[in-house]
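Trainee: Below you'll find the structure I mean.
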């Protein structure tokens with residue numbers, strides 16, 4: 001229950017995502033490249049998740065490794081959005097406050113992921129996949145709950161109001177921390193863990209374990225592929241400026257699009273859980289990447305207005321395009337989570353899983369920054385979109401570049417357990 005609720009909160013925090021985008025564009029008057037850089041900067045806490053995993057695994061707080069950190073993460077999230085609602089007035093303070101919010105979600109994500117990994121260890125891929133589906137399904141459900149209101153609240157009350165409402169949501173994480181089934185560590189054992197020699201020895205042991213695990217080819221090579229797969233450039237910021245400044249999409253309409261994509265994300269989880277979790281990873285990545293690249297090119301139709309020549313309005317085209325791409329993207333990302341969970345050895349679940357996810361997140365941030373650079377190179381600004389079609393084509397073609405490295409992924413199929421396990 002605690003795991004599901006924490007992931008639900010991660011999804012429902014999407015209430016402020018649209019407000020942040022409009023705040024950076026309309027209140028701070030940033031251009032697409034600057035917006036992408038701010039987004040990349042605010043994602044930095046997701047790149048050092050192993051540190052949070054190490055802290056959670058090694059330093060019990062008030063006698064607990066999981067419960068205490070969940071509680072404090074919720075308080076930090078509430079503080080960050082309170083600052084956004086009240087005192088933030090520049091791109092630097094905005095980036096810092098958003099970074100604090102990211103730190104809150106990233107730390108709670110590490111803690112709850114370690115709880116999931118503890119349950120998944122030793123299970124078949126199907127069972128592990130079902131656990132990950134519960135997590136991401138809860139997150140997608142939270143996204144659905146907040147999606148429509150994210151736009152209508154911005155339209156009606158403004159971005160500051162939305163930030164204020166969002167400040168209450170992380171407190172749900174603090175509240176459910178008491179539901180975590182965790183035994184309190186005796187004070188004597190805590191003193192040993194936190195004593196100088198004990199802590200140093202524990203730190204060295206964790207670093208050695210982490211290095212031993214990561215350098216194994218069966219972990220390092222798939223992780224390298226995932227980084228490269230995530231690091232291809234993105235044109236999301238430029239497209240946001242185009243649909244709001246050029247096509248004049250309102251916050252309320254974009255909230256509806258977000259509602260559709262949240263439902264699509266849940267649908268992607270379901271498709272993976274019921275149809276794809278026993279298919280070899282290489283085949284899943286190959287097919288979804290090629291189809292995703294082809295479907296991403298359809299944004300060129302929206303930018304050039306060709307969709308209207310086929311009798312499809314900009315609004316309906318945008319909704320349909322977002323739905324299909326989101327389903328595909330979520331279904332192709334689920335195997336990454338399952339693979340990472342099954343690679344983790346006992347005793348350092350939080351640290352290694354966080355390391356693998358941080359490398360994946362580093363790829364995403366790299367892709368966003370490369371996309372920001374390309375946006376600047378192609379001369380796409382808040383009002384100039386002449387080269388946007390070329391930017392979209394380059395970004396989508398580049399997503400095919402990692403495919404020759406598919407051999408880095410494990411060759412075996414999804415479930416290698418016996419027939420009885422598959423049946424169960």
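Using the three backbone atoms N, Cα and C, a Cβ is placed for every residue, glycine included.
Keep in mind that TrEMBL annotations are predicted by a computer and have not been checked by a curator.
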Trainee: With the ranges 217-243, 352-378 to choose from, which does TrEMBL describe as transmembrane segment?
Mentor: 352-378
Trainee: Under 8 Å for C-beta pairs, could you tell me which stretch among 69-88, 284-304, 352-378, 390-409 has the largest tally with the transmembrane segment (28-48)?
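Mentor: Most contacts with the transmembrane segment (28-48): 352-378.
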Trainee: For the transmembrane segment (253-272), could you work out the same-chain residues 6 or more beyond its ends whose Cβ comes under 8 Å from its Cβ atoms?
Mentor: 11, 14, 17-18, 129, 133, 136-137, 139-141, 143-144, 147-152, 154, 243-244, 315, 318-319, 322-324, 326-331, 334-335
Trainee: Can we call the transmembrane segment (284-304) and the transmembrane segment (316-340) in contact, meaning three or more C-beta pairs below 8 angstroms at a sequence separation of 6+?
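Mentor: Yes, the transmembrane segment (284-304) and the transmembrane segment (316-340) are in contact.
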Trainee: Can you say which of 69-88, 157-180, 352-378, 390-409 has the most Cβ pairs under 8 Å with the transmembrane segment (316-340)?
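Mentor: Per the Cβ count, the answer is 352-378.
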